[in-house]
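Step one of this worksheet: look at the structure below.
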């Protein structure tokens, strides 16, 4: 099948590459000429494990090509996918200018009937608006073609996007005709071993499903983060509570990690958009507003742990930060908690020495103007001369750290762990003041006096 994907951002490029891998003839289009030049040279514009290799493989087999010519993309495809960005406006609503611009281009360049699949995350009613825009432009041209719009939201996890795209847990599609339903089934049949995992529904429900799924995951994160504060005050251990909750099959173990807050390109944006949609419809979502509020509070809560350690005096202190990306496995810095922390540290006069295995290039673009920020290739180099270490992203590389070296390089053996990577008891044994999330700071100091700590930590292994 000939597929054109308009938009070579995260969703578009991963989707196009995976459809090419399944044997389709895929043309990825983008108005960003420099990006297209890079892609034609086999260079992915962002980091995603395995993506660049898969691009090169399918490019060499001539199943995957790239163009800046949108007209070509519209006219040469059996199926046209829209995968452009939908950023948030200042009021939290979704900015649809890029989606509607593509709709206008489709209407302008169509020369035959077309099936348009909307992969972009869009509010309920957007697919209807896309079709109306295409039909408006066709009417202006004085031509008539059939246009079918399908809602087909993506559910890709950054850092595991190829797995999610090639072996999806489920495929959600909103259609308006039997023809479109059959097309979606044939399109995704190579991706699933059971067609029951292709869930076809109406367009409105499909559009809502994407927002509802992300909002639910964000809700779990904020619930655990708020609960972690209660654990700190009550003496409970959030990691043990998490394990006890996760063993309940009605709850399950996923998205129960307390931390410094969620970030990225999806959760913050999609939570805001659903809040705005609900408000516009006269049915405000108070729970979801609380989810957003708790997430912002969690950044502040963790920052204050560091600030309080220095008795409010951060001026002139040097903070080492391990991890900049919003999560491991990606170079995505959008809404990254680490950047929010850096902003706060700088505001109060601190200096920053930060390291990340993947995200340094993007971080340099964002932070190059700030003389008090040093971005370093080595995690250990980031520790040199630092007063304390802050862990903001749970990169697996950190788990194998040489703590004797860490201790020797820090001015004082203090670690603020915003991702609960390490065992407080082990950190205490190695002579660190270890402050994490959801645990009474005194928890680590009971090693010599109470056996319950030893027993409790065995449950975490």
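Heads up, the Cβ atoms here are built off N, Cα and C, so glycines get one too.
Automatic, uncurated: that is what TrEMBL annotation is.
Within 210, 399, 407, 411, the residue that TrEMBL lists together with 155, 156, 157, 158, 255, 256, 257, 258, 259, 263, 327 for binding substrate is 210. From the candidate list 220, 229, 334, 340, the residue TrEMBL records in the NAD(+) site shared with 30, 35, 86, 121, 158, 269 is 334.
The Cβ of residue 155 (substrate binding site) lies under 8 Å from the Cβ of 164, 168, 169, 170, 172, 210, 213, each of these being in the same chain and 6 or more residues away along the sequence.
For the binding-site residues 86, 121, the greatest number of Cβ atoms within 10 Å around a candidate Cβ is found at 121. Here the Cα atom of residue 35 (NAD(+) binding site) is found 25 Å from that of residue 263 (substrate binding site). Between the CA atoms of residue 269 (NAD(+) binding site) and residue 256 (substrate binding site) there is a gap of 20 Å, rounded to the nearest whole number. Among the binding-site residues 30, 86, 121, 158, 334, the ones whose Cα is located within 10 Å of the Cα of residue 263 (substrate binding site) are 334. When the binding-site residues 157, 210, 269, 334 are compared by the number of other CB atoms within 10 angstroms of each CB, 157 has the fewest.
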